[in-house]
Amino acid sequence: MENSEKTEVVLLACGSFNPITNMHLRLFELAKDYMNGTGKYKVIKGIISPVGDAYKKKGLISAYHRVIMAELATKNSKWVEVDTWESLQKEWTETAKVLRHHQEKLEASICDPQQNSPVLEKPGRKRKWAEQKQDISEKKSLEQTKTKGVPKVKLLCGADFLESFGVPNLWKSEDITKILGDYGLICITRAGNDAQKFIYESDVLWKHQNNIHLVNEWITNDISSTKIRRALRRGQSIRYLVPDLVEEYIEKHNLYSSESEERNVGVVLAPLQRNTTEVKA
């Protein structure tokens, strides 16, 4: 299939990235190889979208630091970048809305190829919008974009994210339907995760199974942000588990400790609080 006939895809990964790890970066590479390998798609960009502070997850440090670490991790990437829109929202933003934002941003780029992303300032200062440098090589002319059509945003995640759809009140059923029906999911499965069975046992996932791409991770990697934070609390090395620049940044700012892990303890996770309140209402 010629490139002009392939559907261009933008991979969007939402999450805490607390901190970002080498495994997060591997998800993009695995998904890109798989999607390009189908012969139907061409992955043109990857976007990392750190969640805002209003998510209220236990141990979640400031979005300012999480965004910077993600930017350091992707500094040498030619196709994966960090977007700060979600992290700047005062309230927690549903994943479906984040997907819609990026899809609309792509559509708007047809008329205005120069799209800017907000930048976080240090905690305690007023957040403001500012222009962010863009790689000139990634810009496309108006005519090229019109010819190829608007790229499709698809959500990139791990198997644990997929299985979270089954947690009561964590997701609105209509949001799951919108994510799967309007955008699609690319799920990297780990050893021990039976994602196919989970899809089979869920009516809504089964209905949209053709828009769920399961990618096997043959070279297994069990790195997680939780394990990284645990190692740091215990004074253990995280070398080769996170990008070197991220490790240096964490050490310089002493980001993770027993105290930071207690942040938001006793606070109900934002989606659970919102969805539970709406159910009662």
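Even glycines carry a Cβ here, placed using N, Cα and C.
Keep in mind it's a predicted model, so treat the numbers as computed, not measured.
Per Swiss-Prot, the feature ATP binding site maps to GLY15, SER16, PHE17, HIS24, LYS58, GLY158, ALA159, ASP160, THR226, LYS227, ILE228, ARG229; the stated evidence is similarity to another entry. The NAD(+) binding site annotation in Swiss-Prot covers GLY15, SER16, PHE17, MET23, LYS57, TRP92, THR95, GLY158, ASP160, LEU170, TRP171, GLU217, ASN221 and is backed by similarity to another entry. Per Swiss-Prot, beta-nicotinamide D-ribonucleotide binding site is recorded for GLY15, SER16, TYR55, LYS57, TRP92, THR95, LEU170, TRP171, and the stated evidence type is similarity to another entry. According to Swiss-Prot, the compositional bias 'Basic and acidic residues' annotation covers 129-143. For SER117, the entry in Swiss-Prot reads phosphoserine. As annotated by Swiss-Prot, region 'Disordered' applies to 113-143. For 123-129, the entry in Swiss-Prot reads motif 'Nuclear localization signal', with the evidence type sequence analysis.
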For the binding-site residues listed here, LYS57, LYS58, which shows the highest count of neighbouring CB atoms within 10 A?
LYS57
Within 10 Å of the Cβ of SER16 (beta-nicotinamide D-ribonucleotide binding site), how many other Cβ atoms can be counted across all chains shown?
17
Rounded to the nearest angstrom, how far is the Cα of LYS57 (NAD(+) binding site) from the Cα of TRP92 (beta-nicotinamide D-ribonucleotide binding site)?
11
Cβ density check for ALA159 (ATP binding site), other Cβ within 10 Å (all protein chains) comes to 20
Nearest to PHE17 (ATP binding site) by Cα distance: which of the binding-site residues LYS57, THR95, LEU170 is it?
LYS57
Could you find out if DSSP has ALA159 (ATP binding site) as helix, strand or coil?
helix
Greatest CA-CA distance (Å) over the residues GLY15, SER16, PHE17, HIS24, LYS58, GLY158, ALA159, ASP160, THR226, LYS227, ILE228, ARG229 that the record ties to ATP?
21
Restricting to the chain of TYR55 (beta-nicotinamide D-ribonucleotide binding site) and a gap of 6 or more, list residues whose Cβ falls under 8 Å of its Cβ, or answer none.
SER16, TRP92, LEU269, ALA270, PRO271
Please tell me which one of the binding-site residues listed here (LYS58, ALA159, LEU170, THR226, ILE228) sits closest to THR95 (NAD(+) binding site), measuring Cα to Cα?
LEU170
Among LEU170, ILE228 [binding-site residues], residue with fewest other Cβ within 10 Å:
LEU170
